[in-house]
Amino acid sequence: MPRDSLLLGLIGQGLTLSRTPALHEAEGLANGRATVYRRLDTLTDPLRGKSLAEILDAARITGFNGLNITHPYKQEVLPLLDGVSDQAAQLGSVNTVVISPEGRLTGYNTDTSGFARGLEEGLGGVPMATAVQVGAGGVGNAVAYALATHGVEHLYVADLEPARAQALAESINEIVGRKAVEGIGLDGIEETIAGASGVVNATPMGTLHHPGTAFDTSCLTPDHWVADVVYMPVETQLLADARARGCRTLDGTRMAVYQAVDAFELFTGIAPSPERMRQTFLSLGLASAQ
Ligand code: NAD
């Protein structure tokens, strides 16, 4: 694959509406690289029924420069790679694979670096001592790691499924080597939020399919910062309530854009323009979930 062009792809399921291909193609072109970004969807022919190992091998031998990995392959991909960054190995989750000219596959996690960069940019300087995160799924895992390694001393994590919150806390505490995260129940969550500096929604609450908020937002005061990972809509009910109560807020588009910014830089070695990628992202419309 000549260095003046880029061949990229997204491996996952249900990728029809993903805006990631258009985002990378536009940024590649803006950097002087003809860029083709393929959806590699195992629910769709001709990849239906193919194994992840087969698809990785095909990408390797056909000269792909890199891949993004999404649901349900972020964990499954790890043992199939030649190398994994320390952060992705610790998290047990890879969303970006760089393919060297020699065909070596190296995995990274830009969900966590993307959330951290968005946090620094959108909520720089806020008090971070104690925070509450609601939602302990795939995104919640990356977000909790970012919070615990970017200034939050004590993070309470709650989930509809308490075992998930406990498991997330145990795994992040093991990674960071301190009791940074505590799994808690949803009962009394508003009192815990009232005593914290900030709160993050990492549940699907606020999306079109799950309207509303994961907790009663009357507990928010102007001293709270509030972040949402949901970006469709950009202005979730939580962010609207938080703004009305005078809180500083961070919407989900920052994480979505910065995970792509970091992936693009890993793929190409070129630092892309975050602002241009954000504008591209927003111009694509926010009618899909990935
Ligand atoms: P997931 O299904 O893996 O996890 C969601 C978790 O939230 C589950 O553990 C579930 O039990 C919990 N939950 C659901 N409703 C709850 C409630 N009312 N109270 C407490 N816990 C609740 O999903 P995910 O992959 O972690 O994605 C979560 C959301 O993140 C998606 O809906 C999507 O909108 C958003 N997302 C954002 C980005 C981004 O870059 N900003 C990327 C992917 C997904």
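Keep in mind that glycine also has a Cβ here, set from the backbone N, Cα and C atoms.
Annotated features, as they stand in TrEMBL:
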- 10-97: domain 'Shikimate dehydrogenase substrate binding N-terminal' (DOMAIN)
- Ser18, Arg19, Thr20, Thr70, Asn95, Asp111, Tyr231, Gln259: shikimate binding site (BINDING)
- Lys74: active site, proton acceptor (ACT_SITE)
- Asp86, Gly135, Ala136, Gly137, Gly138, Val139, Val229, Gly252: NADP(+) binding site (BINDING)
- 252-280: domain 'SDH C-terminal' (DOMAIN)
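Features recorded in TrEMBL, as mapped to the structure shown.
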| residue | record | Cβ within 10 Å |
| --- | --- | --- |
| Arg19 | shikimate binding site | 19 |
| Thr20 | shikimate binding site | 23 |
| Asp86 | NADP(+) binding site | 8 |
| Asn95 | shikimate binding site | 28 |
| Gly135 | NADP(+) binding site | 26 |
| Gly138 | NADP(+) binding site | 17 |
| Val139 | NADP(+) binding site | 20 |
| Val229 | NADP(+) binding site | 28 |
| Tyr231 | shikimate binding site | 21 |
| Gly252 | NADP(+) binding site | 25 |
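Taking Ser18, Arg19, Gly135, Val139, Gly252 as the candidate binding-site residues, the subset whose CB lies under 6 angstroms from any atom of ligand 1 consists of Gly135, Val139, Gly252. The local packing around Ser18 (shikimate binding site), expressed as other Cβ atoms within 10 Å of its Cβ over all shown chains, amounts to 20. The Cβ neighbour count for the residue listed as 'active site, proton acceptor', using a 10 Å radius and every protein chain shown, is 24.
Among the recorded positions Arg19, Thr20, Lys74, Asp111, Tyr231, Gln259, the ones whose Cα is located within 10 Å of the Cα of Val139 (NADP(+) binding site) are Asp111.
Taking CA atoms as the reference points, Gly137 (NADP(+) binding site) and the residue listed as 'active site, proton acceptor' are 12 Å apart.
For Ser18 (shikimate binding site) paired with Asp86 (NADP(+) binding site), the C-alpha to C-alpha distance reads 28 Å. Each of the binding-site residues Thr70, Asp111, Gly137 was assessed for Cβ neighbours inside 10 Å, and the highest tally belongs to Asp111. Note on proximity: of the binding-site residues Asp86, Gly135, Ala136, Gly252, the one nearest Asp111 (shikimate binding site) is Gly252, by Cα distance. DSSP places the residues of the domain 'Shikimate dehydrogenase substrate binding N-terminal' (10-97) in helix, strand and coil in these numbers: 30 helix, 19 strand, 39 coil.
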